[in-house]
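These features come from TrEMBL:
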type: REPEAT; residues: 1-27; note: repeat 'WD'
type: REPEAT; residues: 33-74; note: repeat 'WD'
type: REPEAT; residues: 80-119; note: repeat 'WD'
Amino acid sequence: SISYFLDGKQLASGSVDKTVRRWDVETSIVKTFHGHSGEIRCIDMSADVMLLASGSIDSTARIWSLDTGKLVAGPFESAAWGHEGWLRLISYVPCGKQMISVSDDKVVRRWGLQAGREI
């Protein structure tokens, strides 16, 4: 999966090698984010371009700082508050305080990012 920054000079990608990458098109600098145990199937950037959400076949969603590459929240995962299948879509709600995830388990979930759990 891939997502372009609004400035058109950077992009983010999710990969089968279980990483998320931030690419600077002009300098060719790549920042790699590690943490998922399965390939990344979907990503989305926050409106302020500070955070990146990723969804994986490991049935988890994670939120990363685009600046540092460090995990900010998550994993949002199975058990009482998660999906039982791999994530097909992840999207920030325009307010930036919630996220939507859609999984192969045919369930749509809305997550409160500060609380780190399903709403």
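Each Cβ is built from the backbone N, Cα and C atoms, and glycine gets one as well.
Within the same chain, residues 1-3, 5-6, 12-22, 82-92, 94, 96, 99, 101, 103, 111, 113, 116 sit at least 6 positions outside the repeat 'WD' (33-74) and bring their C-beta atoms closer than 8 Å to a C-beta of that stretch. In the repeat 'WD' (33-74), the DSSP tally of helix, strand and coil residues is 0 helix, 23 strand, 19 coil. Note on the repeat 'WD' (80-119): its mean pLDDT in the predicted model is 79.
Applying DSSP to the repeat 'WD' (1-27) sorts its residues as follows: 0 helix, 14 strand, 13 coil.
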